[in-house]
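Here is the structure we will look at, set down as structure tokens.
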Ligand SMILES: NC(=O)c1ccc[n+]([C@@H]2O[C@H](COP(=O)([O-])OP(=O)(O)OC[C@H]3O[C@@H](n4cnc5c(N)ncnc54)[C@H](O)[C@@H]3O)[C@@H](O)[C@H]2O)c1
Ligand SMILES: O=C(O)C[C@H](O)C(=O)O
């Protein structure tokens, strides 16, 4: 399978590394900066004999090299700095995603598309309309990363194995995302029976702030190790038709009372993309939070006047 990663920065390059190391396909790493994707791709290939993988990665500045890609991952765009929200990136990143979407439409309009660039829910909508991708074949990164953070915080608090902790985070990938403690478990045991309510609320707040916490440390950019791991999980579920149940930013047509926008919901990801949106039995408070978060995404999307 040919997979293209657009943007050879921190997220794009670490994603390419994770994908080739897992032999998930042959990659094109594309960027507008001359030499950057070529140098990173060659460096990765020189690790193949040492690390032991057979997938290949080539770097390119030519959008024609996107042709034939079955999956395209859009990571091109600027990252936030301390004090900024993801929405503050809207104007500049919408321009970048729109130009990349034009190139995808010209050279690989049939590709499945995974959008990463922030604000991701809004820019997934923009890319879907500009490329014309069928809505079940385009989705964005958010919930897997946010749930990964929540799972890590729970595992650390309880001193238990990460592998035993499951959690779900829905809504827009922004400050009002919706971590769901009622659906968080340690090997099937609800965290509500293992931790006091105040502690859970602290972990929820830290999850919502998880991206900003990393930005405060790094000062000139945002997270990429956990994001690239989350992207690789999405790609693997598609390539290997695993049908994992994962929260992704997906097109809503009435689920949870949300219509005509992208927002993070639990989905089954398989070879044909978003195969099904799973409707959890949310209580009234959880549903209200999800709808508030989706209303925020809808309002931000409206600023772009995308239509579609
Ligand atoms: N959705 C998520 O969960 C999530 C997680 C992490 C990062 N992000 C977002 O991903 C984006 C990238 O983050 P990063 O840390 O990799 O940034 P980065 O600055 O390291 O890399 C961005 C790359 O995009 C390239 N680029 C810019 N315009 C381009 C174009 N028109 N065509 C091709 N390449 C282009 C740049 O040259 C640069 O190499 C940011 O918007 C960030 O907010 C989202
Ligand atoms: O926080 C950011 O700006 C990047 C990304 O969305 C994240 O959650 O790490």
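FYI, residue positions are counted from 1 along the chain as it appears here.
Including glycine, each Cβ sits where the backbone N, Cα and C put it.
Where the annotation comes from TrEMBL, it is an automatic prediction and has not been curated.
Feature annotation from TrEMBL assigns domain 'Lactate/malate dehydrogenase N-terminal' to 1-140.
Per TrEMBL, the feature NAD(+) binding site maps to 7, 8, 9, 10, 11, 12, 31, 93, 116, 117, 118. The Cβ of residue 7 (NAD(+) binding site) lies under 8 Å from the Cβ of 30, 31, 74, 75, 76, 77, 116, 117, each on the same chain and at least six residues away in sequence. In the three-state DSSP assignment, the secondary structure recorded for residue 7 (NAD(+) binding site) is coil.
Cβ-based neighbour count (10 Å, all protein chains) for residue 80 (substrate binding site) stands at 19. Residue 80 (substrate binding site) falls outside any helix or strand according to DSSP and counts as coil. Annotation source TrEMBL lists substrate binding site at 80, 86, 118, 149.
The domain 'Lactate/malate dehydrogenase C-terminal' feature in TrEMBL is assigned to 145-296.
Sequence annotations record features per position, and here TrEMBL assigns active site, proton acceptor to 173. Cβ environment of residue 173 (active site, proton acceptor): 86, 118, 119, 120, 121, 140, 141, 142, 143, 145, 146, 249, 264 lie under 8 Å away, each six or more residues apart in the same chain. DSSP assigns residue 173 (active site, proton acceptor) to coil, not to a helix or a strand.
Ligand 2 lies under 6 Å from the Cβ of 86, 118, out of the binding-site residues 9, 11, 86, 118, 149. Here the binding-site residues are 86, 149; the one with the fewest Cβ atoms within 10 Å of its Cβ is 149. Recorded residues residue 149 (substrate binding site) and residue 11 (NAD(+) binding site) have their alpha carbons 17 Å apart, per Cα-Cα distance.
In the predicted model, residues of the domain 'Lactate/malate dehydrogenase C-terminal' (145-296) average a pLDDT of 98.
Checking the binding-site residues 7, 118, 149 for a CB within less than 6 Å of any atom of ligand 1 leaves 7, 118, listed in sequence order. Secondary structure counts, DSSP: the domain 'Lactate/malate dehydrogenase N-terminal' (1-140) has 67 helix, 25 strand, 48 coil.
Summarising the NAD(+) site geometry, the residues cited as binding it (7, 8, 9, 10, 11, 12, 31, 93, 116, 117, 118) extend over a maximum Cα to Cα distance of 17 Å.
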